[in-house]
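Trainee: Sending over a structure as structure tokens; questions will come in a sec.
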Amino acid sequence: MEEMSGESVVTSAVPAAATRTTSFKGASPSSKYVKLNVGGALYYTTMQTLTKQDTMLKAMFSGRMEVLTDSEGWILIDRCGKHFGTILNYLRDGAVPLPESRREIEELLAEAKYYLVQGLLEECQAALQNKDTYEPFCKVPVITSSKEEQRLIATSDKPAVKLLYNRSNNKYSYTSNSDDNMLKNIELFDKLSLRFNGRVLFIKDVIGDEICCWSFYGQGRKIAEVCCTSIVYATEKKQTKVEFPEARIYEETLNILLYEAQDGRGPDNALLEATGGAAGRSHHLDEDEERERERIERVRRIHIKRPDDRAHLHQ
């Protein structure tokens with residue numbers, strides 16, 4: 001159970017129980033605590049908070065409307081409980097900080113409309129109008145150190161995608177298509193960051209040890225990596241080849257969305273398990289990560305033997 005500014009919330013779902021209809025008419029609003037089950041999220045709050053402003057909740061708990069309760073006395077409200085704590089805070093304090101993302105403001109607006117919280121409704125509408133003025137706005141941090149990268153990923157509540165590109169790491173010449181493929185990787189990263197910036201943390205790394213490499217993170221740890229470079233012997237000398245594995249990048253980006261928090265409760269572990277996500281295969285994690293590292297190492301060291309090497313082998 002987690003304390004939330006005077007209210008308590010339990011986010012775990014509760015099994016269905018027998019329900020009955022009751023009325024709160026005549027209850028003392030100054031002292032009575034009530035238990036609310038809002039879409040499976042459980043809240044404790046006071047009658048005073050619920051009846052402080054003229055909203056649907058005041059109508060429910062002042063006797064003007066009947067309410068449903070289960071056998072344990074929880075008041076049942078058939079709405080998503082994600083933003084109900086914000087609704088309660090607004091009713092009690094008259095003000096509340098709004099979420100940053102447009103999607104969450106829209107979700108909160110829908111709840112404010114349902115509960116008839118006029119002041120919060122107007123604030124959400126004003127915030128959305130301001131976002132219409134200034135958006136689209138996409139922030140992509142460029143990391144300055146590995147510690148900064150670790151801190152960004154560890155403190156983010158979103159899955160993360162990092163593109164490392166650093167042409168100066170190359171010891172050899174590039175193959176003919178490498179520059180074009182490098183640009184294609186950068187352009188795809190920019191397009192993905194514009195499309196998913198509200199749901200995924202996108203990070204650029206221009207100081208790492210690789211030349212072109214994608215990394216995908218969920219729940220604060222690396223889930224997958226797509227290395228786009230290899231050393232080849234296509235000519236008489238070594239060359240660095242940069243590839244553009246577009247389909248694989250799209251696949252890993254979509255997979256990383258499975259680690260997105262659902263209704264403030266973290267990723268859906270059942271879905272991760274069904275789709276082979278890391279949460280569903282934690283007991284094989286070390287072995288799988290080791291195999292992935294070996295696979296990446298093999299991909300990075302593809303060698304095509306030179307004609308003179310093949311000649312020596314036949315002698």
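Using N, Cα and C of the backbone, Cβ positions are placed for all residues, glycine too.
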Trainee: Looking at 50-56, 141-147, 239-245, which stretch does Swiss-Prot describe as motif 'Interaction with PCNA'?
Mentor: 239-245
Trainee: Would you list the DSSP helix, strand and coil counts for the residues of the domain 'BTB' (32-100)?
Mentor: 20 helix, 19 strand, 30 coil
Trainee: With DSSP, how much of the motif 'Interaction with PCNA' (239-245) is helix, how much strand and how much coil, in residues?
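Mentor: Here the numbers are 0 helix, 4 strand, 3 coil.
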